[in-house]
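As recorded in Swiss-Prot:
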- 390-404: compositional bias 'Pro residues' (COMPBIAS)
- 379-417: region 'Disordered' (REGION)
- 5-25: transmembrane segment (TRANSMEM)
- 44-64: transmembrane segment (TRANSMEM)
- 81-101: transmembrane segment (TRANSMEM)
- 108-128: transmembrane segment (TRANSMEM)
- 135-155: transmembrane segment (TRANSMEM)
- 218-238: transmembrane segment (TRANSMEM)
- 301-321: transmembrane segment (TRANSMEM)
- 327-347: transmembrane segment (TRANSMEM)
Amino acid sequence: MNLQLFLLLIVVVTALAFDFTNGFHDTGNAMATSIASGALAPRVAVALSAVLNLIGAFLSTAVAATIAKGLIDANLVTLELVFAGLVGGIVWNLLTWLLGIPSSSSHALIGGIVGATIAAVGLRGVIWSGVVSKVIVPAVVAALLATLVGAVGTWLVYRTTRGVAEKRTERGFRRGQIGSASLVSLAHGTNDAQKTMGVIFLALMSYGAVSTTASVPPLWVIVSCAVAMAAGTYLGGWRIIRTLGKGLVEIKPPQGMAAESSSAAVILLSAHFGYALSTTQVATGSVLGSGVGKPGAEVRWGVAGRMVVAWLVTLPLAGLVGAFTYGLVHFIGGYPGAILGFALLWLTATAIWLRSRRAPIDHTNVNADWEGNLTAGLEAGAQPLADQRPPVPAPPAPTPPPNHRAPQFGVTTRNAP
């Protein structure tokens, strides 16, 4: 096996690993509000989302073409560069998942690839007009638009249902949430699975397996990316789901349906035009809008502020990881460089996963009350069962003998004659 084929295999495996992390990182985009409001049981929600993500991945390839051709010069791409960009995306996805921050997988991937490209060939390798017009501008506009649509939709829902019994409206909206959440999952598969298709497409162009003039990825690329994302989605990104469903706003069924409907509309529209949109930012904007639009709702602006900071630093920090990885792999070179880069990625992923086990979040505690941060109040539940022993009861007080009277202070007692 020659070095280039070896690198291609590593790139394909790493790309599918990124797709897997994208699946569990972004499950909350579709299902967080349905889980938080009780419309769907947690495990049922992620299973439904996995199936619809799988179907959605086959519906379009416009975004894949954007990733493959619209952001960097395909003629300057090497397999080392693509691998380094994927490492940047995976590491950022895992870090934000650990912290429960719903940041953009799309921007992590794009940032990693752009950073690796700059490290490899300089600024000339990046199509800056494409980055601005296809990534940055749509992200800002879509997040603001989703917030506005979510707020207006929520306000209209509560305005329309004034005077109707709350129990009746919530039951109806819970049913509606199943449909709207399904639509968001379908939209997520349509938009996000294509990004990994585009990366593998780019690697195949670099290797020479497909023409640089090709416009559609091979069928095996589409199928493998769809399956990887569906598998990741089925595991459920419980940490992200908790932040979106409980940390930002206390979601009620009418808010959940309004948020999901606005998310689906914006995501599907962007996928149709080939924009590499962040579904996370759209979903978060919609949830935030649902809090703003409901009279008297509480929005946790501190949590929202941390999310915005994460969004702002995603592109540059993922780019730094991508650039560092490219420099390391390229400096060592050959098989040792590729193997070392791959090994460091998996060691980093393992360390992050082990850290998350200190306070695990899953379907059993994802809806626990929010007590200030992601894991507050959950640490006790993370202890092994052997450590959760019930308290030992105090021994009972001794029973006094018959005819015994306890002495009273200040009273002199005499023995009977």
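Any Cβ shown, glycine's included, is placed from N, Cα and C.
Bear in mind that the values here come from a model prediction, so they are computed numbers and not experimental data.
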Task: Contact between the transmembrane segment (301-321) and the transmembrane segment (108-128) (3 or more Cβ pairs under 8 Å, separation 6+) - done: yes
Open item on the list: Need a quick answer: max count of Cβ pairs under 8 Å to the transmembrane segment (327-347), which of 5-25, 108-128, 218-238 is it?
Closed with: 5-25
- [ ] Would you mind listing the long-range same-chain contacts of the transmembrane segment (108-128), meaning Cβ under 8 Å and 6+ residues beyond its ends?
- [x] 18, 22, 67, 70-73, 76-78, 80-82, 84-89, 92-93, 96, 135, 195-196, 199, 276, 314-327, 330
